[in-house]
Structure formats: structure tokens, C-alpha cells
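Trainee: Not my notes, these are from TrEMBL:
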REGION    1-83  region 'Disordered'
COMPBIAS  43-57  compositional bias 'Low complexity'
REGION    95-132  region 'Disordered'
DOMAIN    145-259  domain 'S1 motif'
REGION    190-214  region 'Disordered'
COMPBIAS  191-202  compositional bias 'Acidic residues'
DOMAIN    275-343  domain 'S1 motif'
DOMAIN    375-448  domain 'S1 motif'
DOMAIN    469-545  domain 'S1 motif'
DOMAIN    562-632  domain 'S1 motif'
DOMAIN    652-721  domain 'S1 motif'
DOMAIN    740-817  domain 'S1 motif'
DOMAIN    839-908  domain 'S1 motif'
DOMAIN    948-1024  domain 'S1 motif'
DOMAIN    1060-1131  domain 'S1 motif'
DOMAIN    1240-1309  domain 'S1 motif'
DOMAIN    1330-1401  domain 'S1 motif'
REGION    1406-1509  region 'Disordered'
COMPBIAS  1417-1433  compositional bias 'Basic and acidic residues'
COMPBIAS  1434-1450  compositional bias 'Acidic residues'
COMPBIAS  1471-1491  compositional bias 'Basic and acidic residues'
Amino acid sequence: MPSTHTMGLDRKRKRPQDADPSPAKKSGSRKPPITVNKRLKPEASAAASKPEPAKPSTLRASKEEERSFPRGGGSILTPLEFKQISNDAAKDALFETEDAKAKSTRKPMREELKKDKKSGKDEPKKGEQKGIKAEGLSYKRLLPGTLVLGCISQVNQTDLALSLPNNLTGFVPLTSISESLNKKVEALIQESDDDEEEDMEEKTETAKPESAEDDVDLRSMFRVGQYLRAYVVSSLEPANSKSPLGSKKTKKRIELSLDPVVTNDGLTTTELVVGCTIQASITSVEDHGLVMNLGIGNDLKGFLSSKELGKGRSATNAREGQVLLCTIIGLSSNGKIVKLSGDLEQKPSKKGKYTGGKAAWWLSSAPTVNTFLPGTGVEVLITDIAKGGKAVGIAGKIMGLVDATMDFFHASGWGEKDIESKFKVGEKIKARVIATHPEPRKLALSILPHVLSFTQPTENEPTMILPTATILNSAKVLFTEPKTGLFLDVGIPGVPGFVHISRVTSDSKIEVLSKDFGLYQTGSVHKARIIGYNSMDGLYIVSMEQKVLDQPFLRVEDIKIGEVVKGTIDRVLDSGRLIVNLAEGITGMVDELHLSDIKLKHPEKRFREGVEVKARVLLIDPSKRKVRLSLKKAIVNSDTPIISSYEDTKSGTRSVGTLVKILPNGAIVKFFSDVCGFLPVSEMSEAYIQDPRDHFTVGQSVNIHVLSVDPANQKLRVSCKDPNLFGEAHKVALAKLPAGDVVSGTVVEKSAEDLIIEISGLGTEGIRGVLGIGQLTDGSREKNLGVFKKLRAGQRLETLLVLEKHEERRSITLSMKPSLVNAAKDGSMINKFEDVSEGKTVKGWVRSTTLHSIFVGFVGGIVGVVYKRDLPAEVQSLPNFGYAKNQSIAGRVVYIDPSERRFRLSLNPEKSGEGKVSTVASVASNSERLTINPIDARFKLIDDYTPGKLTKAKVISVQETQLNVKLADNVQGRIDVSLVFETWDAIKDKKFPLAPFKKGNVLDVKVIGIHDVRNHRFLAITHRKASTKTPIFELSARPSDVKKEGIEGCITKLEDITPNSTWVAFLNNISDDCAWANIMPDIRGRIRILDLSEDVTQLKALRKSFPVGCALKCQVLRVNSEHNKLDLSASSASGSALIFDKLAKGMVVPGRVTKVTDRQVLVQISESVSGPVNLTDLEDDFSQAKTSKFSKNEVIRVCIIDIDSPNKRVILSTRPSRVMSSDLPVKDPEIQTIANVKVGDIRRGFVKHVSPKGLFVAMGGNITAWTKISDLSDRFLKEWEGLFTVDQLVKGKIMAVDPTLGHIQMSLRESDISGKERPKPADYSSLKEGQIVRGKVTNVAEYGVFIRVDGSQNISGLCHKSQIADNIIEDVSKLYAIGDPVKAKIISINQEKKRISFGLKASYFKDEGSEDESEDDSKGEGGVDLSAVKDLESDASEESDEEEEPDVEMIDAPTGEGLGTGGFDWSASILDKRGPETDSDRDSNSPEEEKHKKKKRKKSQIKEDLTGNLATREPQSVADFERLLLGDPNDSKLWIMYMSFQLQLSEVAKSREIAERAIKTIALREEKEKQNVWIAMLNMESMYGTDETLEEVFKKACQYNEAQEIHEKLASIHIQTGKTEVSYFLIQSRGRRHLTLLFQKADGLFKVMIKKFSQDPKIWVNYADFLLSSEQNRDAARALLQRAMQALSQDQHKDLISKFAKLEFRSGDPERGRTLFENLLATFKRKSDLYNMFLDMEIKYGSEEDGGKEGVRALFKRALAEKPSTRQAKALFKKWLEFEKSKGDEKSTETVTRRAKEYVEAKKGA
């Protein structure tokens, strides 16, 4: 078979495509390129010059043999030669070569062949043999450039695993799938600037793949079992490839690529024929299919129809970058679109034919051999079959030209029939290409049924039928291949198992296997284990080695959670954790908490490497190959159920867990698989536990049972109590035991603080309660302790009161207090809230105390409160008011709030005259009370004013909503405006109804109720209590009420009001979205703003049109009886009628603005209907359309222009032509449909979207026009995206309209808009001498600059150095840089040679007039512009490294957030101000900038308050402050000013009360405002309080705020107070000891902080700064660095050390700072930021020292020598130049300039 002849034909055919054959002539050591596949372009000379390996092929024909060999399968070999070749074919690389004796037999054969071919025949060259070698794939033969067919076996997060032929596996990284996917990944991992990239590289090198994982999900793109073509990128092989199983050698790894650019390499349009397979990646998803990238040229694309996607695929699930193997089903007429099909899967028929997918096309011919790529079905002519019963493969020809082989595995050699009986030489069969070898060119084929049909060997997934690690007890040998291995029957039809000869036994090495005799003959049965599956070969990979059979685990997936395993300690880590080897290649980790049941101080002493241990599996993570183990005996030896998921856990389950966190209210228990449960403190023990940390430790194992489980929220609640001690009988007995019952019991256990009592007499034993020390007696704690000491276990207690019981917790609280027991016996004890009554004296105990109250406990969990004012005066100033917890207490009930179920007690003695009243007239006293000067003389007593009585009243003042009157000098009343007028017509002045009434008027009135002055509520006459001794009577002056006495008909109730009824209401107040009006004093209704009037003019001036108290005629919309409210409408056309169904286009209605954005205004036109007003609907002139004109809650007039009924949406318009008059001029006509747009119209619109392909312009409604990039301007726009922004107004001409598709094309070209011709670019003929032109500098040379004329056909010329300026120029580069815009004059022009000379002298443009000044030159005098060197790695914009200087600390007038008084900082921000991290930046601003900033800070920012006239002055009295606080109760600054005001009056106690009020008043969500008050309280206590009060406030502040922040603020207060007092004490020459104490407090506080918050580097730095400020503490500050490095993680060390170095420069020893910086520079690779900090410190603190300037210069040189990026170098040169200008001389400045210039030139040259 003359391969030389075929190669010659191929070369002739390929010569036009590859004119340079030289790469094929290079030596054999050449590595094939990854991106360019040369596999189909070998030269004969290369094959001839390259020596054959030591084991030559015996089926490969010589490439120089018989050049004129005839086609048709003829041969020049004798039958003897064929037989010898067949016998030696078994020595192929796939099946292992014979021993040395067999090798020696080849030489005589070659000599005999040479003798037979001497006459007239070419002799084969040395080292070459005849025939084609049917060898399979191997690591050695998978050279880079090989194409291979694979099947996905595993989809991971960052790569794909592909099964390859011959039991090989390859991996495809995420970045080798497709170019589209790479772009997506690169966009995800793109860093914003170089500094961030440096930090990320220092911290971790795996950040990029992780960031890509978040948005690129390979599992949604690929599926297991999918066939793909792959390109071999690399195949690594270790030095010892035959190392035994489990040896720690470098693993072999095949790197693959799926990119169509390489997998389709060599294909052109010519080779693309129907039936050829091609790999393609998805570039976009369209309506009818997918657009595919074929990797063949830029113009050739593929299209995969939605109908051709194949089984299990849909276009909706397609992802950009996804790769598919497709079949070509056709080409478009122009040849630029390839029609594809992804439907490859077929089903074999009964006759053996394959039908179904498009892969059923089998190629028998093709234009070139490049068409035959892996995956393509071909027809092959069999030319040779292995003989002698040794099934080594099949050789054949495709098209009579291309050599092809099928190795033993893919020729199905293990079948019942051998290959010779199934196939005959000369027969044509169908096969599929599975690999192409680049050199020599040869195809590998497969005839396996599942490969031919692109399916699985079985219907079910084979790995699911027999998972890996399955042990087969009786596997029968189907076939024995002596040199290869055994084929076993594993019980799956059609899928055998294969045991390689090296895995048959581990006892000894087997050279040859026998079919007919021996242990492993055909038909023998053996025990084996599945160790893998190869979907390409269709074989289970099996091992019969005993060590594999005995191995407990083969994969991490084989390990079960909760399983007890044995392993060997591999190593002990420094952190105390262990690495345990469980099996070959599988290790587990033991955390420090799980080493032992007790904490080990030295775990390395107990655990040694090589020691065998028994462990239980806590967690497995197969994706990360992570196994967590526990060595705790309590867990390992436990036989309780395993809790490994919330879903499988049931209540009552018992198990063992580990405490991982202890909280004040319980603990967190961790089980298996990171399942955690909460252990409440009440469930930790039968005994009472106050602090769990006293009884439990982290890492302790606990036996628990599950109380409740919530799988949905992943919550688990557990208990340590023994469930057997509390059965159903106990639950029933506990349920029957009432709180307040007196029982007896026996002491069963005694602890430090309480007794455990077993209660008797309940019908069952085992119910226990807790009796605390404080509940033993009514006496003091000492008396309680005395009784407690006398009590012993087993002692009987007869009188025990049940205070509380919790059935869920199974806990009972008992008391022996005689006062409580006696109260329970005589029935005076409160058992439920209904037992509480006013005036009753009750007995309880102190539950807790606060700064302003005492909470008193009663039976059943009922709690009352005693406020400070209700305590005796002598105890109000005592700590905790003189009461201790659990102390007995008796108080009188003075107030009850049934709705909130709370009541108030008083401990003051009852005053005479106090008591419960029964009538309105007796609210103050039961004795008679006389009236003084009554208006109606009939009423002598206050008690005479009874309900329904008619009397007279005198007006004393007229308010907006009421008349204040008096009935007598000591009896007052009020007449609500709703009780004055009878009808609407009776009101003369609707705006001010009470205006006719004057002071002194006497009116006839009727008493109808009482007015509650505390909450301004009306109390009906049926209400029998008032809050004052002399009540304020509620009166009526309506004419119908004063006709006769009696209460009937005077009071309107809510039940009397019905919807749609009309009432007269009076406006009470107006809020943002509604108004409130009263129909009766106690009946209030809500009126939406839009329902007040139909007149928008009135609604715009709302408060002026509708003053408080004005009368409104309202219609009732809804009645809400539950909340005692009404919905009203004051407009004639009720807003409720404006429902969606009644809306119509063109309606003009008022609306209220609810939201304003940059693009639209959202308007509410009724309670249920809202709609947007878009930019195109705001104005008739788009240039006036601005949403900023509108404000929230503004009332405007809108027109409904569109209604979307299905979605219940409306579109509104505020165009004046719509809402006012249609005759108004309209500059921009309204567009609602595409019919309103005609070709040629000039229209304006707003940019809706800026895309890479052009602009989308909103024209109006839903109409959007598209503008191509070429239609944006008449001139070329280089970076056009930056010229357009969303919502920008543009003007253009309509170029095309497609009503069918709804498409509009628009042009923004000025020539199209104006109708003029597009300006032609200037050419040489249009330019004249003396003409002034504009252009840009394109190049700068020593002799001048080159200028390109703007708007020309790339016309450029030279401006000589002599024509640049009127004076002599030495260096042109100092004046101009590339890209600078210039104005030039044409000096001369040569039309023939196309040359122009320009002039830039200023004298040329004297007559042109002055123009805009150019931008300031940032280079400075003598500077160099480094912007000429572009850094591709950095952004174009430069970020400033300087930070704003912090506020200056001023004692007299502190600045910052806080308000100052008394000389201290209310905000406690000293630590924030003096942070060392800003030191290097404070001197970076110029003096002018500093001055400007200080002035800016000094501007007072007065928060405007509209309360009275306080907006124009500061509050000066308590009343002023109270009024301001009513307006803004959440303003912490106002509260602090109030505190400061009281401190100035020396009212420290009142200042404290104000602070407490502030904490209670400020809303919970205003956390920052509350924190400001807490800090102010700390300041106040530090200056005016004692250590005890300061400590108390500090503890509370930590509870309600972030503890770390409060600690820092208190430290700041101590430091600031000490600094403030330094000057005072120095002047007074006293107080040294007090100052020392302040600094000691700060030091102690810092010590606490570094223990509690040790993970925050700021704490360590602030502490070091504090210590360095004192000379005697500097050693301690330096020792602090080592402690900080131990506490903090390693990635924080760099920043920490640099900050300590800065502190040394500023407050310590600069030499130590230099040492620290030098150590950092020597340790870390990324040094640019370190050099910048080092230089800042040296310039600021070191340059003034002797030789300091030289040291700074040397440091600059070192920094530049580190080869920084261009941007970094530019910053360094700039900083160096500034340093030399400020502290150097002219010579040093010139030196820096010269160095910068040299750097620029060097970069340009590079």
C-alpha cells in the first residue's frame, strides 16, 4: 500500500493553501503549536529523516517503497511475508512487546525481506517496516495537536473530564472551552486598577477562577454522556510511568481544548460537506435557533435551528460560549452560513442499521482528507485483519487514500466471534473516526455500537448500575488476551469489564495470560472490584488485586457520614490539627476540638505519625475532596442515631454533639454535616444555670435529644435534660398545677445559688422546681443566706408557692416568702391580670431595676412597674433605689392599661382625698366643691354640672378648632367646632368658621362629656373617670342641643355614620399625603389630598386654601369601625369613583407626585391607580423636560394618554397642550404609535440605551428609534460612547420606517437634518498657503512636530523646530506631546509631492483674536509629561493618593460631629482623628487648599426648624429646646445641645434625665443618633460623674451599641480629657495624680480591647499610638507588634507592620521605622505601595535630619530600580520632583527632570 504515492497527491492538492512547507522539514524535536494544527501536513522528508523507535511497527509500509504502487489493494509481499508480519503485530505498544528473545527474531526477517526485493525493487530504508500498525491511544501517542473524540464523564466547577479511547481521561479547563466563554470569564475577573491586582495576587492566586464560578455554570452548559471533539494541548508523563498503584508520583494529566478554532483546524469551506461533523460554540441565541461560531474565518458562521437541537436540548437553556458537536446538513446559497444539526443520537434497527439523528450520514468520499475529523462517520475498506487468533485490530483505507486502524478495543475483539469471522478483507464497513494522528497521518476508528450511535452502551447510566468500588464476588472471564488482560462478565449485557494484565494480581508480575489453561483461563470465575468506567470504550475498569479488594475506600464518595473508620496519622500540623490517612490517596482532617474529649495542651505528644487511630466521619465534601473526622471517644463509641440533615431529624432523636459556641442564653451544638442546633440555657440541666460558661466549655461533647426541628428554616432545638424523667404522666401533672398554688416538697439537690425541690402531692414523682436564695424569706440577703445554709438535701418543706411554670421548658419557680404565701392563702395574691384593680395594695417581689423604674413580679409572670416619681423621696437618689433583686415589695395600683395589659404601682403612702370615683362630678373628691363666680348662677357646686344640663359659658379664647370657655372661675370647658354649627349653610365663613365669636361672648351650652387634657381626647359622658381634680367639660352649643336638657341625640356615634352619607367636617391637620377632619370630637376621618378639591390651584397652595379649622362638606367613602376611623372625600366627584374601569384616554385629572426619578415622574391619580409620566410626555418642548421640576407630594394636573387594561397600567402626560389647551404651540409633537412617524421627519428624542452597535432613542410612548454608529455624525467619532448618555436629548431625521416590525431608523448627521450635502474631507487641492487650520500632533521629533489636519483625508505635514515659536526652542518635547490639539498656519504646500509645511508661531495668529485658554500644563516648569507613555495595565484616569486632612482638634471650639461644651469632645472621635494611617497624606495638600478646607469647615450648618421664630436664633431656654424637640425628636445634636445647656447651668442631674429621655425617645432605627447620645453621656460622666456612674453608663452603652465602638470612644474620652486637663493642671500646678489616673484608665481599656477585639488591626495600632505618645511606654508599644502579629492572620501583617513603622516615624524612633520598612521590602514582592509609604515618611520626618535629603533621593532611586509600571513610575517622578522643588535646588530639580525624560525615551523605544 504505497503511502508515498498518496502523500504526493495530497501535497499537490494542498500546496495552494499552504505555500510554505518548511515547518514540516524541521527536526523531530519540534513541538507542535497549540493553536495551529499541522497534523494533516506532514512531508515525506520529515518521516524519512526521523529515526524509528526501538520497537518498529510491523504493519506500516515504507514511505519510499514502490512509488508507482497500483490502487485497488494489490501487494508486492509474499504470503510468507504477510504471515510473519501478522505474527509480529501482537508486539504493538498497546499490548506490550515480547521479551528480548522475540526482539532478536526481527533482524533475520528484515534481511530475508531485503534479499527477496533486490531485483528491480526499491529496498526499504534502515529502521522502517511495512504495513500499518493498529495501535490504540496512549500518553506517548497523544502528542500535542492530536484530535480525539471524547465523552463527558464529569462536570466540575472549573473544568470538564472527558473519557477518551483506551481508558484515558482528559481534562478541559474553563478557559479552553471557547473564545466567547473566555471573554465572559475575563470580564468577570477584570480588576479595576493595578493596585487591586497586586493585592489580590499577594493574598491568593486562585481569585480569578473563583470569581468566574459565580457567573459561569458549566453544569448548565454540558451534561454527562455528551460527545465532543477535543484538541490535545499537552500530555504529561512522569519519569516512572510504571509506578505501582498508590505511589506518590506525578500524576499523568491530559490537557484538552474544545475551542472550535483548534478542533476544526484545517477545515475550509471546501471541506465542509453534508454529513461532516463540526464543533461549534454558541455566540447568540435567536428566536428560531442558535448562531454558532465555527472557528473557520471571520465571515463563516453556523446556524443551528431550534428543531435540530437534538434530544434533551432547548434554545431557552442554551448559553453563550457553550460548545456542541454538530453535523453539517447544508450551506446557504452565498456559502457564508453553514446549516447544522445537533441531533446526533441514533438507534440501531433490528437489521443493524442506524436511524434517527443526522449522524446517520456516512461519508464515503470527501473533497480532501481534512474532512475526516473525529466524530465523523465514514465507510472504510478493510485491507488487513490480524490473524492467528490474536485479535490485535483491523487496518483499512478510506477513499483508497487515508490509512485507518481499529485497535483491539474498538474493533470489539472480545466478542463471541473473533474479528476474522466477523470481517473479511475487502469488505466495506461503517465506522466512526475517534482520533487523528498528526505525524504520520493516520485515523483511528471505532465500530463500537454506542460510539456509532452516539449513545450510552445501556439504556441506564452504567455508573448508576454498578457504581465505582462495587465488589463482584463471581465475575466470569469472557475472553483472555494474553498480552493485554482479561474481559469479565460483570452482569451487564453488552458492557463487559476489563482487567489489565498489571491488575490481575498483586502477588507477582504476570507476563502472559493463557486462554485455555491456568488460573485465569476463559470461563474461570474470580472476585473483582469496579474501579472505574470508560464511556468511550464501553468498558468497566476492573481490578482483581487483593490490596484493591481489601481497600476500604476508593473515592471520597465511598465514605459515609457517621461511619467509623480506621486510619493512620499522616502528620501533625502546627495548629494542632491532624491529617489522617484513610486509604490510598484519601486523607481526613481532625480539628483541634475533636482530638479528645478533654482539651489537650500538647496534642503532638499524644499523637505521633504512623499511629493507627479510630475515628468517626463528621463531614465529606467530594467536590473539594475534604473529609472531617472526630477522635472523641464520646462520638466514636456512641451508638446513638446520626444527625446529618435537618430533613431526616425527628423530634425526640437522641444523639451526641459538640459545643462550638457558648452564649449567655444557651449554646450552639454542632453535629454531622455541619448541622447545628441551639441548646437553651433552660435545657442544659435540671438545675438552674445562670451563666452557661461556668458549666460548659467549647469543644465539650454533650448528650442531647431533639426538642423541635424546622427543616424549612434549618433550625434545631435540643435539650440535655433526660427525657425519661419527664413522661406523659409528668406532663399531665404539670399542666394541672396552677401558678399561685401552695405545694410541699423535698430538697433533692443544693447548688451555690438555689435548691432543687421535688414537689409532692401531684400524683406522680419526679416533678421538680427551683427555689432561689432570694425567695426564701422577706428579709435581707444575709437572712436568706442564713436560712439557705440550714437547708439540707432530703429536708421537707411544707409551704411552697408556685410563682411561675413553663410547660415547654418543664421548669417551675418556687418561693417560700411568707408575704407571698400568706397572700396566696387569703386570696389577695394576683394570679391573673384580671385580678388587678386600681387602689388595691398588692404584694410581689423585685424582678429588676432600671435608672428610672422598678419592675415588680407577681404570680404567673405578671409584671407591674413602679416609676421613680412613685417612690419615696428618700430612696430616689439611692443606687437601685435601695432595692435588691427578689426583695419583697408591696405597692398600691394607681393606673391600669387593659389594652396593653400593664399597670403602674406606687410605693408612696395614699394621700387623703385619693380614691376611686364613681361619677363625673366626683373625679377629684367625694366632698362638696363650690363654684367661684359661675356664669350661670344656678350652679353653686361643681357637682351640679351633670350630663345633659343646660348652662351658660363665657368665651375666654378662640382657637382654630375650638372655643375655650369657662363655666365659673374655677371650672373650664371647651366647645369643639363640630359642636357649634347645626348645618352647612349655618357656617358663614367656611375658611374660619369660629371667626364670628369673640372673647367675652356668653353662649348657651349643654354639658355632654369630659375633655382629657393629657391626650386631648374626648371622653363620652359615660366615661366616669378623669385625670384631674377639676375636669374640663366638653360642651355643645348647637341650637338643637340647647333647646332642652338631656343627653339623648347630642352625641353622634360611629355606628350612626353610613357610607355615601354627607357630613360637615372640620379640618384638624394636614400631612404629606392626606388631611384629617373631625365630624365629632371623637370621630375623625381621613381625606386624601386629591379628594380635598378638584381645583388643582387650590391643591398647590394647600395650607393657604385649607387652613386648620376650615369647614368641609364631605361624603363618607368607607367606615372602619375596628380602628374608629373614616375615609372621606370633600370633592364633588369623589376620588373613589376614579377606578380603573372608568378611566378613558384624554381624561384630565389631578394627581399627586409619589416618586421622582431621572427618567420619569410617578403620579397617583386615585387610591388604586398610579401611572408614570415619561420624559417625552413632560413638556411640549423636549428641551424643557426636566423631572427635577417636580417634587414629591406635589399636586399636578395630568392627562391619561394610554391605558393598558390587561396589566391595569396607565401612561400619563403633563404636556401643556394636553392638560391646558390644545391650541398651545407644540415644538415636539406627541408620538403614540408608529403611524405618527414618517420618513423624512425631523424629530427629537431622548437616548434610551447606548449599545456597542448604536443608539436607541425614545420618541414617545413605546416607540424607539435606532441610530447606527455611522449615522451619529458627519465626522468620525473615535470614542463615540462617551459622547452620549442615557436621557440625553438628541435631534435626527427619520430614515426608514417598518410598520410591520415596528422598526424606525434615525440619523443624527447634521447633513441629513439640514438637507445639505455631507462635507467632504479636505484634500491637498482645497488647502492654500496662509490658511489657518486645526489639527493634532501625531509625532514629536528633535527637528519639529508632525501635524495631521482635522477633517481631512489623513493629510499631515511638518512644523519645523524654527516655526514653532518666535523664540529659540531647545527641546520640542517640552512643549508638545502626541495627541495635543493645535492651530497651525500653512507656510508652504507642494501639490505634486504632497508636502505641507506648518507654522505655530504666536505671531501668525495675532489677527485671529484670543481664544479659549488651553488646559493648565500639569508638568510644571521644566517638567516632563509622562502621559506620553501609555500603560496598558492601568486605567486612563489617575486616582488621587491623598486623603483629606482630618479636622483640627480645638479645645475651645471642638470640631467634628459632636457639639462641644465645657472643654471636651462630645463625639469622642480623637482615635478617628489621630489614626496613623493618614499621616503620610496630611502634608500632601497645598497651603491654599488647607486654608480653603478650614474655611469650609468653619461654616456653621444650622438645621432649619420651622417651630416659631427659632429658625433665626439659637434656643435659649428649656421651652425653646422642648419646642424644637417636638419638631425633630430624633435629632441627637439637639438633645446633646439640651444636655450642654443644662450643664452650663450646673444641672448635672437634669442633664442625665435629658440623656435618658433621648435614649427612650429616639426611634429604634436611628441607631447612629442613639449612639451619639450614649457617647455624650460617657463624656458627661467622665467630666462630672464618678467612676461608678461612668462604669454603669459604659456597661449599658455596650449592651445597646457595638461594644468595640463604645470601648474605642471611651478610650478617646480618657485620652482627650487627659490632654484637655494637661494645660489646666500645668497652669494650676496641681492634679498630676488625677492626670496619671486618666491615662491608666485608657491603658486598662486598651488592654481589655486587645483581648476582646484582637482580630481588628485598628485596635492594636491605636493602642501602640497611645503608648508611643508617652516616652516611658515606648518599649511596651514596640512589644505590642509581636503580640499583634500572633493574633492577626498573616495576610494582615503587611498593613500592620507598615502602620507601626509610620508610628515610629511620627512619635517614636525614625530609625526603627526605617528598619521595619526595610524588612517589609525584603519580604513582600509587590513593593510599590510600600515605597510610597516609606517615601512619605522620609520626606516628612527624615528629610530634615543630617544627610536626610540624600537618603530620600537614594530611596527614590531604589524604588525606580524595581521596574515599576508606567503609572507607578509617573507618580514616583512626580513626587520626587515636588520634593526637590520644595527642599532641593535647581540642580537637583534638573536631575530629576533629566531622569524622567530618559525613562520616557526608553519606554518609547521599547
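Cβ coordinates come from backbone N, Cα and C, glycine included.
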Trainee: Out of 375-448, 652-721, 1060-1131, what stretch is closest in contact terms to the domain 'S1 motif' (469-545), meaning most Cβ pairs under 8 angstroms?
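Mentor: Top-ranked stretch among 375-448, 652-721, 1060-1131: 375-448.
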Trainee: Which range out of 275-343, 375-448, 652-721, 839-908, 1240-1309 gives the domain 'S1 motif' (562-632) the most CB pairs under 8 Å?
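Mentor: Comparing 275-343, 375-448, 652-721, 839-908, 1240-1309 against the domain 'S1 motif' (562-632), the winner is 652-721.
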Trainee: What does DSSP give as the helix, strand and coil breakdown of the domain 'S1 motif' (652-721)?
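Mentor: Grouping H, G, I as helix and E, B as strand yields 9 helix, 35 strand, 26 coil.
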Trainee: When secondary structure is assigned with DSSP, how many helix, strand and coil residues does the domain 'S1 motif' (275-343) contain?
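Mentor: When I sort the residues of the domain 'S1 motif' (275-343) into the three classes, I find 6 helix, 33 strand, 30 coil.
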Trainee: Counting by DSSP secondary structure, give me helix, strand and coil numbers for the domain 'S1 motif' (948-1024).
Mentor: 3 helix, 37 strand, 37 coil
Trainee: For the domain 'S1 motif' (948-1024), what is the mean per-residue pLDDT, to the nearest integer?
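Mentor: Taking every residue in the domain 'S1 motif' (948-1024) and averaging pLDDT yields 82.
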Trainee: Using DSSP, what's the helix, strand and coil tally for the domain 'S1 motif' (469-545)?
Mentor: 3 helix, 35 strand, 39 coil
Trainee: According to DSSP, how is the domain 'S1 motif' (740-817) divided among helix, strand and coil residues?
Mentor: 13 helix, 37 strand, 28 coil
Trainee: If you run through the domain 'S1 motif' (375-448) with DSSP, how many residues end up as helix, strand and coil?
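Mentor: Residue counts for the domain 'S1 motif' (375-448) by secondary structure: 4 helix, 36 strand, 34 coil.
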